[in-house]
Amino acid sequence: MKKIITIAAVLALAPTFASAESFQEAFESNRAMYGKNHTFEWNGKNFSTNHEEEVEAAVAATKENALDLIAKAKAKNKEAAKLGFEWKLTGGILKDAQKAADAGEYRKALDLAAQAKYHSRMGIQQHAYAQSNWHLSVPQ
Amino acid sequence: MKIIKKLALGLGVAAAAQMTQAADSGFDLATVNPEADRVALQNYFESRFPQSEISDYVNGIYAVDASSREQWEELEEFPPYEFAVEEGETLFNTPFANGKGYADCFENGGVGIRQNYPYWNKEAGTVKTLEMEINECREANGEKPLKWAKGDIAKISAYMAWTSRDKPINIEIPSDDPRAKAAYLDGKKFFYAKRGQLNLSCANCHVQGANIRIRADLPSPQLGHTSHFPVFRSKWGELGTLHRRYKGCHKDSRSKPLSHQVEVYRNLEFFQSYMNNGLVVNGPGARK
């Protein structure tokens, strides 16, 4: 009898666990619905919808901070390029970020560098996804 | 009667085995089977566009979209690549400074050989394309290499394709060199991997998305790609090489395109051309 109850409980609860939203899914749906600077709850804790690069850019708009983030974005883009997954616009955004920094527009430079770094991180993530999923659209 | 039954059963099992292999393998070096891939691709397009003949896929989108075909047939009445082929012939037959010519570099004097390109070169351990060997020929004879995308290289390649028209494409993947199969797999993987800001693979447009509008354009089916290159595109207003098109396509997914004749593009050409085995060379072609 116990066994039957256990099996029934597992079967009843399975869909709940199976449909539990992952952090990534929760982040992406909240980001899509509310944009940046929104707080959402996941598994009893609060999280921000900001991308990690937006957090990095939310520092004092100084020359040092701007150049530091540009350097990080360039390094990330190099990583993406090495994998053959560099995005088309990233190089141009990096150039614009450098121009803004040279013109003393550090806030603009930080935001552009954050965007370029995000593009690069997505390219790297795309490469990782492609490694294990490229075969999904091969005709069978 | 028993023999017939046994034969039929045997053929059925063999066909099922091939289908099974295409269905659940082919994604690593141990299981990749180019022939099963080619059959699976043909079957895919046969069921997507049952009204189209497989042999017609060398005509790209015009094999599956009737109204585009009408316009293209009118365009082909005075083919826009005709003068380029003539210029290509002149260039091909103009001797280098040392007195030698392109004909000295290629098998059969460079005539009627397009269908064998690209091929696996065991000595070099890499895929060689026709354009690559045109430039290698020049360099070996003390001439400067031509630029890859358009101009003279496209014209010479167009003339060579012209002399090979209607010859069945015959790409071989030698079984005695596993690097050849690895190159094929690399090209296959490139074709099916999503990339760029738009997160698109070549297959998204040219397999699943074939003949489905992207804004005002209808992407061509993958089957038959490469057969008609170099191509005169109305958009370009001139002839261009296959790798020029690869770069454009790559860019369309909002990726930073790679360089002409880079290894992975050559592997992509190797994979794509193998898919066309049995179809005929019809280059140069005319496209929108």
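For all residues, glycine too, the Cβ spot is worked out from N, Cα and C.
TrEMBL does not curate its annotations; it predicts them automatically.
Marked as active site, cysteine persulfide intermediate by TrEMBL: B:C249. The heme c 1 binding site annotation in TrEMBL covers B:C105, B:C137. Taken from TrEMBL, the feature heme c 2 binding site applies to B:C202, B:C205, B:H206, B:C249. According to TrEMBL, the feature substrate binding site maps to B:R245. For B:87-169, the entry in TrEMBL reads domain 'Cytochrome c'. Summarising the annotation, TrEMBL assigns signal peptide to B:1-22.
Shown here: features listed in TrEMBL, placed on the structure.
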residue	record	Cβ contacts under 8 Å, 6 or more apart
B:C105	heme c 1 binding site	B:E133, B:E136, B:C137, B:A140, B:N141
B:C202	heme c 2 binding site	B:F190, B:F191, B:Y192, B:Q222, B:C249, B:L268
B:C205	heme c 2 binding site	B:I214, B:P219, B:C249
B:H206	heme c 2 binding site	B:P219, B:S220, B:P221, B:Q222, B:H225
B:R245	substrate binding site	B:F229, B:V231, B:R233
Greatest C-beta neighbour count within 10 angstroms, which of the recorded positions B:C137, B:C249: B:C137
Check: same-chain CB within 8 A of heme c 2 site center, minus B:C202, B:C205, B:H206, B:C249: B:F191, B:L200, B:S201, B:A203, B:N204, B:G209, B:P219, B:Q222
For the domain 'Cytochrome c' (B:87-169), the number of residues DSSP places in helix, strand and coil: 39 helix, 8 strand, 36 coil
Longest CA-CA distance among B:C202, B:C205, B:H206, B:C249, per record bound to heme c 2, angstrom: 11
Mean of pLDDT values spanning the domain 'Cytochrome c' (B:87-169): 98
